[in-house]
Each structure stands twice: as structure tokens, then as C-alpha cells.
Amino acid sequence: MFDELSKSELTLYSILIFLFLENLVNLYLTRRQIYVYENSKEVPVELRDVMQKETFEKARLYGLDKANFEVFKLLVCDVGIATIELYSGFVAMVWARALEISGRVGLNPANEIHVSIVFLMMINLIGVFKDMPFKIYGTFVLEEKHGFNKQTPVFFVKDQIKSFLVGQVLSIPIVAAIVYIVQIGGDYFFLWLWAFVGVVSLVLITVYPVYIAPLFDKFRPLEDGELKTSIEQLAASLKFPLGKLFVVEGSKRSAHSNAYFTGLFGAKRIVLFDTLLLNKGLPDDSTLAEDEKGKGCENKEVLAVLAHELGHWKLGHVRKNIIIMQIQMFLIFSVFSQLFKYSPLYQAVGFPENVQPILIGFLVIVMYVLAPYNTLISFCMTILSRRFEYQADDFANGLGYSKDLGKALVKLHIDNLGFPIYDWMYSAWNHSHPTLLQRLERLKGAQKKDR
């Protein structure tokens, strides 16, 4: 059979087969978790003192709805639409259309950079329309049903427009530069490409929290008081170069909670979601809705969460992830440099012979040719991430925050309707963090050792 197929057909069918197998695995694992949602009706023994049966049931139904939606989206987008696009040569059609539009808007159709920019904008716009029904349902039906959506339709529309515009402003010059570097870089262009993307990624990590994130959410300085003083003392004790403390009004978007720090060089920022703080950190809860009152963590629990986050910094997890990312990029660009002139790759997605746009080659190689490698690396990074999370928990325990961290984890789980029971295979494949029960068990073990 394979002797009768052309190289381009063999390439296409290989891509489709792996796409099918990968999604089949994801579907199988999700179905395993759905079985857990459907059959777990009792609060785990470890949580019976802190989690009410009603909350457990709400979390179970929330998880079940999300998992069923995940299956539906996987079948429609990752299997149905993706297969149709690949088999029909959709990407080649969009490229042909980009050639036409380039000429109409005064650009040069013979200039690959010009056409690549138009193609990028078209494919991104198409992506917005493909994703929009799922975003609308996820936000205004699923999240709304379970009490997490805080966005109005106007806020949602503005947010989507801003996201699209910011995405184009950032991606267009980067893609143009990538195509240009490949054109002029010679046989070792991948080294220049790696250096360029490495610098850009570090710049974006530095610039994003200062200039881009405020476009989407409102940040306010953390008010003076006991919590601010305690955070500053904790940072000073760890020699963490704290610059500013912010509270982000994430409650306008969602009721979910989080905390993080940003900055690679010099002073860093700590950002707390208002939903993390007890009563959103407000001294007067009269402005809060009834379902918002009493939610959030006490100051000691917030400090425990930050001790965990600062553990990531102290243990060098951020630096290690950046190094791994740079190694990954080098390997990807090296493979790209060896394969991007292979004509069957382009013919497999609908291009005629001898038409080999650089951007298309990059997308096909990264998304499809390297798909098995990407899947393997993603799983390895998931394992590493879980290891880092345990290490950060141990770090917080070493600072004496084990009990408060356990309380905070439970509170955040309850406030976010996190379901505490997971199928082990689903969790191992999908979760970058250990489950709540796994983390509580380890924290309890650490407390016993310290006694």
C-alpha cells in the first residue's frame, strides 16, 4: 500500500494518523476522569472536616460539565475541523488568498514577508471565529452556570478585541523577522534564529507584566497594613528583590484565585488576585455580594501561598524552565533548518510543487512533523513541573508555613470548586500540579518529620 503513495500523501497520512492517535489518547483519559466524576459521590476522608457535601457535589458537577465540554471541543476542533483543514489543503487556500490580498492593499505579492504578514493576520482572524463559539459557551454558559463568570458581554467583546490587536502587534514583527533571518542567514540561519527568538522571549517576559497585562486588568498597589508588612519581611528574609506589591482585580473577569511574581532582572513584582484575599482585601465587605463574603485566605494563608511561590524563585525553577525552553528552541530550529526545503511537506498541506513559503514550513514542521516529540516533551515537562511544585511546598514547610499552606490549598480548592478526586492516568498526563490530596498528604508527612 505504502509503495503506491507519493511522499506527500505518506506525509499527510502520517500526520493524520498521529493526530487521530493523540486525540484518541486524550479522549480515553478524559473519559476515565468523567467516570470518576460520575461515580465519586462521597467527600474523601481527608477533607470531611473542611469540605461540605454540598460543596463537593457542586465541584463534582462543575468538573463533569467541564470534562464533557472538553470532549465536545476535542471532537469538533482537534479531530473534525483539523482533519478537514489538513485533507482539503486549507492552509494553501489561505496562502493563495493572502497573495491576492497583498496585491490589492498595495503590498508586493512577490515579497514573501509581505504575504506572510497578510497570511498571519488572516489565519489569526479565522482562528478567532473558530474559537469564539467555544469561548462564549465556556464563559457565559459553563462558567456562568457555576458562578465563576464575572464578565459582561461588553467587557468580553472589548477583551477579545484587545487580545487580538495586541497579538497582531506582537506577532507580525516577530514573524517578519523570522522569515527575513531564514532568507539571509545562510546555512547556519538557525543559530541567528535561536538567538533572536531567545532575546525576544526574555524581553516579552520582562515587558508583559509592566505594559501589556495592565491593558487587560486593573492593578492597584497593595494597601499598607499587616499583610503588606508581613510580605515585605518574608521577601527580605529570603533576599528576594521585591520592588512592588500589586493586587489585580481579577474578580471582574472570574472568581478564580491566583498569585504570582514577575520580573527576570532587578526588582520583581508580586501580584495577588483580589479573589485570593479575604473579602477581596477590602476593609469593608458591604460592597460585596453575599456569595463573595467570607471567601479568600487569611493573611497567614496568603503568606504561605507566597512562601510557596518564592520557593520557586529561591530554588531556581524559573531559571531552569527558561534554560529548558532555550534548549527546546535550539532543537526545534535545528530540525527546521534540515527539513524546511523538503518539498513533500508543503505538498502534503496542499501547495503545488516548488512553492515552499518559509512560514508554512515552520508551522508544518513545528505543529505536525514534531508533534510526537512535542507530546513527549510536554509530558516530561508535566512531570518536572509536579516535582517543582512538591519542592516549593517543601520550601514553604521549611519556613514554617506547612499548616497554613494546607489550609490555603483547601480554601482555594473550595472557592474554585476544584474536585479533589482524579483518575491517576488522567492526572499524570494533564496536571502540571499534584492533586490537592497528594499535596496535603506530603505536607502532613513533612510536619511529622519536623516534630
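In case you wondered, yes, glycine gets a Cβ from its N, Cα and C as well.
The model shown is predicted, which means the values in this text are computed figures rather than measured ones.
According to TrEMBL, the features are:
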TRANSMEM  12-29  transmembrane segment
DOMAIN    33-218  domain 'CAAX prenyl protease 1 N-terminal'
TRANSMEM  71-93  transmembrane segment
TRANSMEM  113-129  transmembrane segment
TRANSMEM  164-183  transmembrane segment
TRANSMEM  189-211  transmembrane segment
DOMAIN    221-445  domain 'Peptidase M48'
TRANSMEM  322-340  transmembrane segment
TRANSMEM  360-384  transmembrane segment
(message) What residues elsewhere in the chain lie close to the transmembrane segment (164-183), defined as a C-beta under 8 angstroms and at least 6 residues from its ends?
(response) 112-113, 116-117, 120-121, 124-125, 128, 189, 192-193, 196-197, 200, 204, 212, 215, 340, 358-359, 362
(request) Compute the average pLDDT of the predicted model within the domain 'Peptidase M48' (221-445). (result) 89
(request) Could you give the residue numbers and ranges of same-chain residues that sit at least 6 residues beyond the transmembrane segment (71-93) on either side and whose C-beta is under 8 angstroms from one of its C-beta atoms? (result) 12, 15-16, 19-20, 23, 26-27, 30-31, 34, 123, 130, 134, 349-351, 360, 363
